[in-house]
Amino acid sequence: MSSLVGPDEDDPRGKPPVPEHVQDAIRTLIEWAGDDPTREGLLDTPARVARAWKEYCLGYGEDPSVHLSRIFEEVGGYDELVLLRDIPFQSHCEHHMAPIIGKAAIAYMPTDRVVGISKLARVLHGFARRLQVQERLTAEVAKCIWDHLKPQGVAVVIEAAHSCMTARGVRTPGVSMVTSKLYGCFLDDERSREEVLKLMGY
Ligand SMILES: [Zn+2]
C-alpha cells in the first residue's frame, strides 16, 4: 500500500538540517504544553516547526527597499493615485509569536517615478515576515515607500486579526484591528486623504 502514498511534503530528507539545540527548545515547549515529545506523532515535529519558523521569518534576511530600486520614470504624465488594495498577508506578533492574518491597502501619489505594482506587496511581505506589532508594520511599509520612491504622498491601511486575541486571552473571533500611516499630501490635504481612504474602502 505504501506505493500508493505520494511524496510527503514534510519528509525531512533533502531539507536543511535543524540544529539539535533548536529542536530541543521545541521539545521543551511541547512538554510544557502538556504532551510527550517522544510519542510517534510528535517525533519529527520539532524539525518541522523550526523550518516553518525560518519561513515565517524570511523577512530578516531581506531589505524590503530593494523591491523599490527598479523604478520607471516614463509615466506618460500620469500623476494620479496608484492604489493596491486587499493584499493578503501573514505575520506573527512579537508578544505571543501568534499569527496575525490580514490585508493591506497601499497607495502613493507619484511625482516622476512609479514601480511595478507587485513591488508594493513585496515590500509589505518583507516587513510582515518578521516578529511584528501591527502599528510598526504599517509604519515601516509607509516609510519605506516614502523614503525610496519620494512620492507626493503615501497611505497604508492594514486590517488584521490577531490570533493572540481571537484564539486565547479575551477570545473574540471576528474582531480585527485597523491601523494607518499617512505621509505627504494624504496627511496634509483633507481632500486627498478622503479620496484615498474612500478608494481603499474606508
Ligand atoms: Zn500577541
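Just so you know, glycine gets a Cβ as well, placed from its N, Cα and C.
TrEMBL entries are annotated by machine, without manual review.
Copied over from TrEMBL, here are the features:
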REGION    1-20  region 'Disordered'
DOMAIN    23-200  domain 'GTP cyclohydrolase I'
BINDING   C93, H96, C164  Zn(2+) binding site
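Report note: the Zn(2+) site is defined by C93, H96, C164, and the residues of the same chain whose CB lies within 8 Å of the CB centroid of those residues, excluding them, are H92, E94, H95, M97, A98, I100, H162, S163, M165. A sphere of 10 angstroms centred on the C-beta of C164 (Zn(2+) binding site) encloses 16 other C-beta atoms. Shown in sequence order, S163, C164, R168 are the residues of the chain, 6+ apart in sequence, with a C-beta less than 8 angstroms from the C-beta of H96 (Zn(2+) binding site). Around C93 (Zn(2+) binding site), the C-beta neighbours below 8 angstroms that are at least 6 residues distant in the chain are P99, I100, L131, Q132, V133, Q134, H162, S163, C164.
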